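Features as listed in TrEMBL:
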type	residues	note
DOMAIN	34-187	domain 'Casparian strip membrane protein'
TRANSMEM	38-58	transmembrane segment
TRANSMEM	91-113	transmembrane segment
TRANSMEM	125-155	transmembrane segment
TRANSMEM	175-198	transmembrane segment
Amino acid sequence: MEREATYISSNGGGGIEGGVNGGDKQVMVVANKKTMRFSALVLRALALALTLAAAVLLGTNKQSTVVPIALVPTLPPINVGVTAKWHYLSAFVYFVVANAIACAYAAISLLITMANRAGKKGLGMIITIFDLAMVALLFSGVGAAFAVGLIGFQGNSHVHWNKVCNMFEKFCDQAAAAVGVSFIGSMLFFLMVLLATLNLHKNVNEK
């Protein structure tokens with residue numbers, strides 16, 4: 001009887017220990033998934049706010065000033081009122097539209113992600129693909145606006161384009177702020193793609 005009791009005790013102890021370890025592992029997996037899901041929601045909400053701010057910053061950008069223009073070298077210059085608006089440059093128009101699209105997508109995807117509590121893989125993959133598309137869209141908008149803004153700040157002596165930001169400082173500063181905010185928003189979308197990739201890698205390893 002003692003041998004039988006000892007045998008049952010040793011087997012039973014191992015079974016209990018294995019069950020506890022397995023339960024701890026499952027709890028850790030569930031906790032990690034919740035943490036990653038919460039992080040993705042926070043990043044998506046921040047991306048929504050930043051792309052909205054970038055679109056508003058540049059979409060409301062406008063400045064009027066007086067510019068002296070010399071018609072004849074021998075005569076004094078004439079002061080002419082000039083207004084700078086964002087929609088005068090196609091690159092800025094593209095920037096505003098790109099950020100508006102990214103903002104609308106971030107709002108829609110945020111609602112879908114919040115509703116997708118079951119974590120359907122197919123839906124998650126579609127969202128990740130669109131997140132990657134938003135990264136490309138925002139990067140292109142930031143690049144176009146930055147290139148035009150650089151000419152405004154420095155000019156281009158090779159084609160005889162004078163810099164204008166010395167006369168439209170407020171306009172250029174607000175445009176630069178919009179570009180910086182949009183760049184941060186694009187990096188948040190990029191981080192969401194990285195999180196989704198890491199989550200997929202973990203799921204494969206768990207299998």
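Note: Cβ is positioned from N, Cα and C throughout, glycine not excepted.
Distant neighbours of the transmembrane segment (175-198): 36, 39-40, 43-44, 46-47, 50-51, 53-55, 57-58, 61, 86, 92, 95, 99, 102, 124, 127-128, 131-132, 134-135, 138-139, 141-142, 145-146, 149, 152; these residues of the same chain sit at least 6 beyond its ends, with a Cβ under 8 Å from one of its Cβ atoms. Same-chain residues lying 6+ beyond the ends of the transmembrane segment (125-155) with a Cβ under 8 Å from its Cβ atoms: 51, 58, 89, 91-92, 94-95, 97-99, 101-102, 105-106, 109, 112-113, 161-165, 168, 172, 175-176, 178-179, 182-183, 185-186, 189-190, 192-193, 196-197. Only residues 6 or more beyond the boundaries of the transmembrane segment (91-113), in the same chain, are considered here, and those with a CB under 8 A from a CB of the stretch are 37, 40-41, 44-45, 47-48, 51-52, 54-55, 58-59, 61, 123, 127, 130-131, 134, 137-138, 140-142, 144-145, 147-148, 175, 178-179, 182, 185-186, 189. Through the fold, the transmembrane segment (38-58) approaches residues 86, 92, 95-96, 99-100, 102-103, 106-107, 109-110, 113-114, 138, 145, 174-175, 177-179, 181-182, 184-185, 188-189, 191-192, 195-196 of its own chain, all at least 6 residues removed from its boundaries and within a Cβ separation under 8 Å.
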